[in-house]
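J.: According to TrEMBL, the record shows the following:
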BINDING   TRP63, TYR155, LYS276, GLY310, ARG401  substrate binding site
BINDING   GLY123, SER124, ASP247, HIS311, SER312  pyridoxal 5'-phosphate binding site
MOD_RES   LYS276  N6-(pyridoxal phosphate)lysine
Amino acid sequence: MSDTFNTPAPTSNLNLTERDQKVIWHPYTQMKNALPHIPIVRGEGVYVFDEKGKKYIDAVSSWWVNIHGHSHPYIAKKVAEQLNVLEHVIFAGFTHEPAVLLAERLLPILPGQQDKVFYTDNGSTAVEVALKMCLQYWNNKGIPKTKILAFKNAYHGDTFGAMSVSGRSIFTDAFNGLLFDVEFIDLPNEDNIANLKSQIANLKSKTACFIFEPLILGSGGMLMYEAKYLDELIFACNEAEILTIADEVMTGFGRTGTYFACEKLTNKPDIFCLSKGLTGGTMPLGITTCSNKIFEAFLSEDKLKTLYHGHSFTANPIACVASLASLDILLDSKTLQNIKRIENKHAVFLEEIKSHTKVKAVRHTGTIIAIEWETGNETSYLSSLRNLLYAYFLDKGIILRPLGNIIYILPPYVISDEDLDYVYSAIKSALEEI
Ligand SMILES: *Cc1c(COP(=O)(O)O)cnc(C)c1O
């Protein structure tokens, strides 16, 4: 075999952006008027580099997955070693050290008592499995509880079950008629918490589970709410025998200032969904964990009580090894120091800008800050504003992808003070210039 592939592209006289345009359909992209996609040739730490050598600060951690920086040498080494030993093996009837070791290391650091790990490929599938665990839990017990409770504006993924438990939005519009019915509740606050609790009590007899993003609704616009109210909702669910699912796909692995957002709760959920930062952003992998209470409801001589779910690449050994390496880095005390450093700097920055006339609201949890841009009533301005801001920051060598009129920073934990200051100053100049 040669150093390059033996299959040269038939259109190789074109540049990569042009070749891309001919054959690729990109995610979350209106392809009719999409900006040319920027070819990235290399990543290092908080930076990615394009073909021309231009450097970009990845201030959104490449869609929230990259927690330790790009091409991390320790993760790369562990992955390369594993590639020469075992790339993959069927996970029904067989097992392997990386999958078992990852489960052994992860379960004890999850908040509350978690006993079993179920592997899948991504965040959406981790959510699908969590929902199936809950629905079949009640089915196996012969108790007809099939309703699901979720937050308005939630986002739990793009497969059909995950879409169903997500808020109805432009993302789901074409499919709304096909999504199953879900009971949506408001985010809790001082004023509505008593109401929400009685709502939950009333849903007791028919509701299988409550799925939530703890502390922050990510794609919904970085909407934040307080741990103490979530604690009360989980307590109400426990009283009503409604199972609870913490979707920590985005909040897991240090994002909110603690290893997991649910560490801030007294009442712990029955199930966790993990992905995104799990492998340090190196490979796709999803995990759903549960307590023995749930697992044991599937143990039976009756074949119908089995959890019939599995993906071809379940527990891929390379992805498990990437996760083990990422965990080593996460649990190193330097990483927690970095997380606290980012948290403190964010707080200072928000104080500086929160009274700016163009700032409608600011929100902050852990390593995430969100700045809501004042738009008055003009919704057409809103869509053009998002594109203006996106291009403005790209031009300055920063990847920030506003959610409509909401700019957020969600950086890899290795971002330096200098680079953070550069991102802050770009946002400040955007507030003046746009
Ligand atoms: C991104 C996300 C998902 C979906 O994960 P994918 O890997 O993109 O399928 C689910 N839940 C939350 C909270 C997310 O942020």
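Every residue, even glycine, has its Cβ placed from backbone N, Cα and C.
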J.: In Å, how large is the greatest distance between any two Cα atoms among GLY123, SER124, ASP247, HIS311, SER312, the listed binders of pyridoxal 5'-phosphate?
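T.: Between the most distant Cα atoms of the pyridoxal 5'-phosphate site, 23 Å.
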J.: Over all shown protein chains, what is the count of other CB atoms within 10 A of the CB belonging to SER312 (pyridoxal 5'-phosphate binding site)?
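T.: Total other Cβ atoms inside 10 Å, all chains included: 9.
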J.: Express in Å, rounded to the nearest integer, the largest CA to CA distance found among the substrate-binding residues TRP63, TYR155, LYS276, GLY310, ARG401 named in the record.
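T.: In whole numbers, the farthest two Cα atoms are 33 Å apart.
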J.: In whole Å, how far does the CA atom of LYS276 (substrate binding site) lie from that of HIS311 (pyridoxal 5'-phosphate binding site)?
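T.: Rounded to the nearest whole number, the Cα-Cα distance is 18 Å.
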J.: Which of TRP63, TYR155 has the fewest nearby Cβ atoms, counting only those within 10 Å, among these binding-site residues?
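T.: If we count Cβ atoms within 10 Å for the binding-site residues TRP63, TYR155, the smallest count is at TRP63.
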J.: For ARG401 (substrate binding site) and GLY123 (pyridoxal 5'-phosphate binding site), determine the Cα separation and express it in whole Å.
T.: 20
J.: Taking ligand 1 as the reference and 6 angstroms as the Cβ limit (strictly under), which binding-site residues among SER124, ASP247, SER312 are close?
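T.: From SER124, ASP247, SER312, counting a Cβ under 6 Å from ligand 1 as near, the near ones are SER124, ASP247.
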J.: Check the Cα-Cα distances from ASP247 (pyridoxal 5'-phosphate binding site) to the binding-site residues TRP63, TYR155, GLY310 and tell me which is shortest.
T.: TYR155
J.: From the Cα of HIS311 (pyridoxal 5'-phosphate binding site) across to the Cα of TRP63 (substrate binding site), what is the distance in angstrom?
T.: 23
J.: Reduce the DSSP letter at LYS276 (substrate binding site) to three states and note it down.
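T.: Where LYS276 (substrate binding site) sits, the three-state DSSP reduction gives helix.
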J.: How many Å separate the Cα atoms of SER124 (pyridoxal 5'-phosphate binding site) and GLY310 (substrate binding site)?
T.: 13
J.: Counting across all protein chains shown, how many other Cβ atoms sit within 10 Å of the Cβ of ARG401 (substrate binding site)?
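T.: By my count, 16.
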J.: Among the binding-site residues LYS276, HIS311, point out the residue whose Cβ has the most other Cβ atoms within 10 Å, with all shown protein chains included in the count.
T.: LYS276
J.: Need the DSSP three-state call for ASP247 (pyridoxal 5'-phosphate binding site) to compare against my parser.
T.: strand
